[in-house]
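Notes follow the structure.
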Amino acid sequence: MNLCLDSLLNGTQDPKAFGRVAVLFGGKSAEREVSLKSGAMVLQSLLAAGVDAFGIDVGEDLLQRLVEEKIDRAFIILHGRGGEDGSMQGLLECAGIPYTGSGVLASALAMDKLRTKRVWLSLGLPTPDYAVLASEDDCREAAQRLGFPLIVKPAHEGSSIGMAKVGGLDELIAAWREAARYDSQVLVEQWISGPEFTVATLRGQVLPAIRLGTPHTFYDYDAKYLASDTRYQVPCGLDEAKERELKELTARACDALGIQGWGRADVMQDAEGRFWLLEVNTAPGMTDHSLVPMAARAAGLDFQQLVLAILADSREARG
């Protein structure tokens, strides 16, 4: 799966052609702080490139501001609920404003870990076995069927918020209760022991895979955004055939959900070398710790080129 840089950069040569661009960031989700950092970096890059851009920290007056500002397109860099789950995409569709990233359905699906897994499983794509937790009895049944260790996840949060690895029933019940603070729907998955990879897509192409290493139990919020000892390996260390398999699996996983524009898939590899899909992010982080800019650099794109490529692939709103 060879990259074509000319195709990635198509439509980025004239920054003025984008018109007036609103960078949407912040919001009210648990990932607000990450979104503020991502939005600041995206806005700074667009302005430096000569794009007529301005930022909006998304609040209740958003629709009024979009109308008053007479914007030509929106760069969505909201993370989590209210921005990455299809609701913002639906608002922009209704307003007739083109926007970056995936559409309403793909955004909603990818934000919902349970339904993402169901789509993948229906197509025979590999993803860890799981259970839905709504009670202590569910925890007991999941423990009996899946065994330990397990990982508990809120179904609709990103940035590893509310996630925990557990090794016994008491830990599982406590982790379920903690995750339920963030989401009424909680999943528990079989723990896959082995290296974790992340693979970004941009304008229909798959960027170089990155292998993640952390002294933390898993690649959690601190490892993603705060730690200085997280290791990123690119090239990822897989042989050519295995990396091709990983990239092809990522492409199939994203296609199954209808991902467009850009995104990032997280994948585990077990001791037998098999890959397991975890989730897809439709508006990944764009901070100095973020993975999509890192993958883009490995492909030969600097941060500004990446931002312009994402913007150039804005989805036309049907209105």
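Glycine residues also receive a Cβ, built from the backbone N, Cα and C atoms like all the rest.
The ATP binding site feature in Swiss-Prot is assigned to 143-198. Look at Swiss-Prot and you will find ASP266, GLU279 tagged as Mg(2+) 1 binding site. Swiss-Prot lists GLU279, ASN281 with the feature Mg(2+) 2 binding site, giving sequence analysis as the kind of evidence. For 117-312, the entry in Swiss-Prot reads domain 'ATP-grasp', with the evidence type sequence analysis.
Between the CA atoms of LEU150 (ATP binding site) and ASP266 (Mg(2+) 1 binding site) there is a gap of 17 Å, rounded to the nearest whole number.
Every protein chain shown contributes to the tally, and the Cβ of GLU157 (ATP binding site) ends up with 21 other Cβ atoms within 10 Å. For the recorded site, GLN185 (ATP binding site), the DSSP three-state label reads coil. The Cβ neighbour count for GLN185 (ATP binding site), using a 10 Å radius and every protein chain shown, is 16. Over the domain 'ATP-grasp' (117-312), the average per-residue pLDDT in this prediction is 92. Note: the Cα of ALA143 (ATP binding site) and the Cα of ASN281 (Mg(2+) 2 binding site) are spaced 28 Å from each other.
Taking the Cα atom of each, GLU279 (Mg(2+) 1 binding site) and GLU157 (ATP binding site) are about 11 angstrom apart. Around GLU178 (ATP binding site), the same-chain residues at least 6 positions away in sequence with a Cβ under 8 Å from its Cβ are VAL152, GLY162, ALA164.
Between the CA atoms of ASP266 (Mg(2+) 1 binding site) and ASN281 (Mg(2+) 2 binding site) there is a gap of 8 Å. When the binding-site residues LEU150, ILE192 are compared by the number of other C-beta atoms lying within 10 angstroms of their own C-beta, ILE192 comes out lowest. Mapped onto three states, the DSSP output places ASN281 (Mg(2+) 2 binding site) in strand. Taking Cβ-Cβ distances under 8 Å and a sequence separation of 6 or more, the neighbours of GLU171 (ATP binding site) in its chain are ALA164.
Put simply, GLU157 is the one of the binding-site residues GLU157, GLN185, ILE192 whose Cα lies nearest to the Cα of ASN281 (Mg(2+) 2 binding site).
According to DSSP, ASP266 (Mg(2+) 1 binding site) is assigned to a strand segment.
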